[in-house]
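What follows is a set of notes on a single structure, which appears directly below.
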Amino acid sequence: MGNADLRQLAAIEETPFADLEGSVVAVDAHNWLYKYLTTTVQWTGADVYTTSDGTEVANLVGAVQGLPKFFEHGLTPVFVWDGGVTELKDDEIADRREQRERYEEQLDDAREAGDAAEAARLDARTQRLTPTIHETTRELFDLLDIPQVEAPAEGEAQAAYMTRTDDAVDYAGSDDYDCLLLGSPVTLRQLTSSGHPELMDFDATLAEHDLTWEQLVDVGILCGTDFNPGIDGFGPTTALDAIGEHGDLWDVLAAEGEHVAHGDRIRELFLNPDVTDDYVIDPDVSPAIDAARAFVTDEWEVDADAVARGFERIDAAAAQTGLDRWT
């Protein structure tokens, strides 16, 4: 999920949706979906949206509730899916698994104690994106004719690359600050929140701190990334000062007598990640509302009332824009 401390360095400002109308946004699908999945579960409980065979489908409710935000503001989302995870993330994944297991134990305790509020909070934290969640969400997006891209590796890296190199893509969409290290020129954050999004500007960040892209990545590595734990005593300010004094990661490490395992590889994962140009984006989407609704409510047994408003909003936005891409 990246290092949230990087916010202290990032050039970020709130941006009205009116300024974004007509834009194409390459969305980190994992990041976006997980936010809606956990929010749905926290407010309703995972058991509320479970099929007769025990399959959890809260993701479908979350997706239907979250998509109208794009459509109502004239944005075309392109959801970019992870194709694989680098081996350097193994430790991070193991840590998350252990943390989830701790939450599951605490969840059992909260349920036994009858603490509904604490149980709801912990239930949300135990969620993970299962293969079924991925498959059902993708099929829903297909029915709604929403563009999707399969990344060869990290979806966020692919989204950043598309924003940087493809004139058809205007913004990346992710709450993960790694988009900054990955060189996304402009990233929209808080797309799952109720207000206007935040715009994170890559060039403005570099200019504000007199950094090169490589040096920004070095600052991130010193603070810690999904691929390394960081160096003790280094936060954004101290890392920035150290890079300013010594020039790059290697000279800082030499001066501090420190070492970052796989440092070269980690640097390359941000500067030259595994990405592809083998994708097609068609912004002229034609959502099949009835088919999508039937998929969610009939095939996956979601209560029709839970998604009625979401589908109504998508349908209304498609009709109101008067643009070819929504008709």
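Using the three backbone atoms N, Cα and C, a Cβ is placed for every residue, glycine included.
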Of Asp218, Asp226, Asp232, Asp241, the one that Swiss-Prot places in the same Mg(2+) 2 site as Asp176, Asp178 is Asp226
According to Swiss-Prot, Asp28, Glu154, Glu156 bind Mg(2+) 1; so which of Asp82, Asp210, Asp248 is the extra one listed there? Asp82
Which binding-site residues are spatial neighbours of Asp178 (Mg(2+) 2 binding site) here, meaning Cα within 10 Å, out of Asp28, Asp82, Glu154? none
Here are some binding-site residues: Glu156, Asp176, Asp226. Which one has the most Cβ atoms within 10 Å of its Cβ? Glu156
Which of the listed binding-site residues (Asp82, Glu154, Asp178) has the least company, meaning the fewest other Cβ atoms within 10 Å of its Cβ? Asp82
One finds that other Cβ atoms within 10 Å of the Cβ of Asp28 (Mg(2+) 1 binding site) number exactly 30
